[in-house]
Amino acid sequence: MPASSFGESSAHIRRRRVAHYLRTESGAAVLLVIVTVVALVWANSPLSNAYFELWHLDVGFNFGPLRLHMDLHHWVNDGLMVVFFFLIGLEVRQEFAHGSLRDRSRARLALIAGVTGVVLPALVYVLIVKLAGSEGLHGWGAVVGTDTAFMLGTLAIVGPRLSGQLRVFLLTLTVVDDFLAVSIIGIVYSEEIRIVPLLIALASLVGLWLLGRTRQWRATPYVLIVIVLWFATVYSGIHASLAGMAAGLLIPAYATQRHGVVAARQLFRDFWQSPSAASARAVDCGLSRGISVNERLHEFLRLPTALLIVPIFALANAGVDVRGGLLAEAFGSPVTWGVIAGLVLGKLLGIGLTTLVAVRLGLGRLPEGVGVGSVFGGAALSGIGFTVSLLIIGLAFGTTSDLGRQATVGVLVSMVFATLLGWLIFKVAAQRWGEKTADLPMVLEPPVDPEIDHIRGPEDAQLTLVEYVDFECAYCAHATGSWDDLRAHFGDDLRYVVRHLPHHPHGPIAARASEAAANQGMFWPWLDFVFTRQHALEREHLIGYAAELGLDVERFIADLDSPAVIERVERDLASAVASGAHATPTFFVEGRRLRGSYDARTVTAVLEASRRGTRTQEVPS
């Protein structure tokens with residue numbers, strides 16, 4: 001019995017590990033490679049007829065005057081893939097609302113590199129095909145796009161060990177890339193336009209905009225309008241990918257507001273005190289109100305898109321029958337080499353060189369920690385076109401035509417070349433230029449110094465937790481109650497250190513006030529007191545708090561603007577920059593920056609893992 005139980009437990013653990021891996025970007029990329037190989041093997045096996053017959057199977061419905069019939073291949077490309085492009089639109093809206101595109105310098109750099117990363121590959125393709133005097137110029141759109149998910153997954157496999165900042169840069173870049181690529185699909189590769197369905201589609205977009213203006217927080221009205229938009233777009237003759245992108249752009253996104261979180265907490269307290277169906281529904285609605293409908297839809301669609309929709313698309317589009325001399329024919333075709341050169345060389349030079357020149361000219365700035373080698377490595381990986389490329393090939397040539405099959409071979413070969421080139425550039429950058437990471441620093445610098453740092457708990461405690469705080473930050477541990485949970489769990493086993501990272505309007509003066517209180521031995525009472533009064537942090541409020549706590553007010557006022565206190569706060573600011581802390585709260589467990597969630601349960605689990613010596617988060621050596 002024990003052996004059997006152990007076997008079942010081991011199998012369960014293996015399944016859980018596989019499921020966890022598939023949820024990562026690298027896992028999704030590996031799944032896509034596997035599905036692509038399956039499609040190629042199936043299309044070249046004795047069962048190849050079944051493969052092609054499956055995707056040409058007619059599927060449709062009649063509902064009163066509405067009639068929609070397409071083969072299965074079109075249902076995938078014009079139906080399922082709309083969700084993929086809708087997801088891209090959601091991400092673009094998030095980046096503009098509270099992401100990296102709010103930074104004008106980064107947005108300008110992404111726009112410049114994104115545009116040239118679309119234009120140059122297209123020019124390379126046209127040049128090669130035109131010089132060869134070959135047909136196939138209409139397929140230039142196959143080289144303009146980047147498969148964001150595939151590219152980021154490949155980056156996780158072949159890129160630097162820590163590449164968070166490079167990932168942000170590439171994601172910002174592909175936002176522009178994807179927007180332009182989808183616009184090209186909608187404008188260049190659409191069929192004959194029908195006016196009435198087009199007007200209905202435009203009215204649907206206006207409806208989405210109006211819903212956003214009214215701050216509608218429920219997802220259902222948006223989803224219903226998007227469904228109408230899709231139907232109208234399919235009937236209009238415009239490719240549905242453009243509708244998906246446009247719809248995603250119109251779904252409102254905004255940063256989570258503190259008052260929404262507080263309201264949800266009160267609703268949960270009501271449920272805790274009097275559990276009922278009504279109070280449970282109120283909690284559910286309260287939680288939904290606290291997060292933008294954009295982020296909720298994105299979270300709901302992200303995994304199904306990565307693990308189901310895109311793999312199905314790959315299965316439907318990557319199956320090329322290379323028997324009968326197709327490979328020899330493809331490698332002798334200007335279309336194949338136009339696709340390869342456009343995606344591999346065009347993306348590398350269009351993104352890499354343009355980024356370098358733009359930075360040198362002061363037109364933009366790279367994220368901290370990202371070097372030139374990392375930029376070119378990421379530019380090389382941007383040559384993984386796959387999803388957008390295969391979609392445009394189907395629209396331009398048809399997947400079963402000779403030109404379509406040759407272009408598809410070019411896309412698949414370019415994926416291999418782009419991956420190998422990116423891997424090589426990352427290796428050279430690490431060995432020659434020391435670019436072993438492309439991320440913010442991960443190690444606390446300088447280490448905790450009991451003579452300088454503010455420490456709560458025994459100085460020789462087994463565990464150390466450092467938090468960078470801003471007294472106006474609504475999510476720091478003392479503001480949310482996380483610290484109380486941590487102290488209750490670890491007691492004297494935990495040494496807690498606070499450093500300043502003021503970035504809110506009242507943050508600097510509040511930080512100086514805490515140091516003025518520290519000069520009178522009252523740092524921790526001050527911190528506990530002021531974090532409950534974040535709504536009132538003007539100078540006169542802080543002086544009033546000093547009086548309430550029994551401090552020497554005259555000395556407090558003198559210290560508030562003293563050079564020594566200012567220098568003490570600036571020391572912590574310099575430490576934050578050197579340690580990769582750029583927002584509050586930022587936690588360091590045993591001198592290593594914590595990434596991801598920072599709720600009390602997560603921080604407790606990481607501290608316990610450190611105590612057991614099983615923490616796996618990577619840190620540069």
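Quick reminder: no glycine exception, Cβ is built from N, Cα and C everywhere.
Per Swiss-Prot, these features apply:
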type	residues	note
DOMAIN	431-578	domain 'Thioredoxin'
REGION	1-430	region 'Na(+)/H(+) antiporter NhaA'
TRANSMEM	27-47	transmembrane segment
TRANSMEM	72-92	transmembrane segment
TRANSMEM	109-129	transmembrane segment
TRANSMEM	139-159	transmembrane segment
TRANSMEM	168-188	transmembrane segment
TRANSMEM	192-212	transmembrane segment
TRANSMEM	223-243	transmembrane segment
TRANSMEM	300-320	transmembrane segment
TRANSMEM	339-359	transmembrane segment
TRANSMEM	375-395	transmembrane segment
TRANSMEM	409-429	transmembrane segment
### For the transmembrane segment (72-92), sequence-distant contacts whose Cβ falls under 8 Å of one of its Cβ atoms, 6 or more beyond its ends
54-57, 59, 101, 148, 171, 175, 178-179, 182, 226, 230, 234, 239-251, 253, 294, 297-298, 301-302, 304-305, 309-310, 312-313, 316-317, 387, 391, 394, 399
### Query
In the same chain, who gets a Cβ under 8 Å from the transmembrane segment (409-429) while lying at least 6 residues past its ends?
36, 40, 142, 150, 154-155, 158-160, 318, 320, 322, 326-327, 330-331, 335-340, 343-344, 347-348, 371-374, 376-378, 380-386, 389-390, 393, 435
### Message
As a test of reading the model: what is the averaged pLDDT for the domain 'Thioredoxin' (431-578)?
### Response
92
### Query
Which of 192-212, 300-320, 375-395 shares the most C-beta pairs under 8 angstroms with the transmembrane segment (27-47)?
300-320
### Query
What else in the chain is close to the transmembrane segment (300-320), if you only count residues 6 or more beyond its ends and a Cβ gap under 8 Å?
22-23, 28, 31-32, 35-36, 38-40, 42-43, 51-52, 55, 72-73, 76-77, 80-81, 83-84, 86-87, 90, 149, 326, 386-387, 390-391, 394, 399, 405, 408-409, 412
### Summary
Lying 6 or more residues past either end of the transmembrane segment (375-395) yet within Cβ distance under 8 Å of it, the residues of that chain are 32, 73, 77, 81, 84, 117, 139, 141-147, 149-151, 154-155, 158-159, 166, 169-170, 173-174, 177-178, 181-182, 184-185, 189, 239, 241, 310, 313-314, 317-318, 339, 343-344, 346-352, 355-356, 366, 404, 407-408, 411, 414-415, 417-419, 421-423, 425-426, 429
### Task
Residue list, the transmembrane segment (192-212) vs rest of chain: Cβ under 8 Å, 6 or more residues beyond ends.
221-222, 225-226, 228-229, 232-238, 243, 246-247, 250-252
### Query
Where DSSP helix means H, G or I and strand means E or B, what are the helix, strand and coil counts for the domain 'Thioredoxin' (431-578)?
73 helix, 18 strand, 57 coil
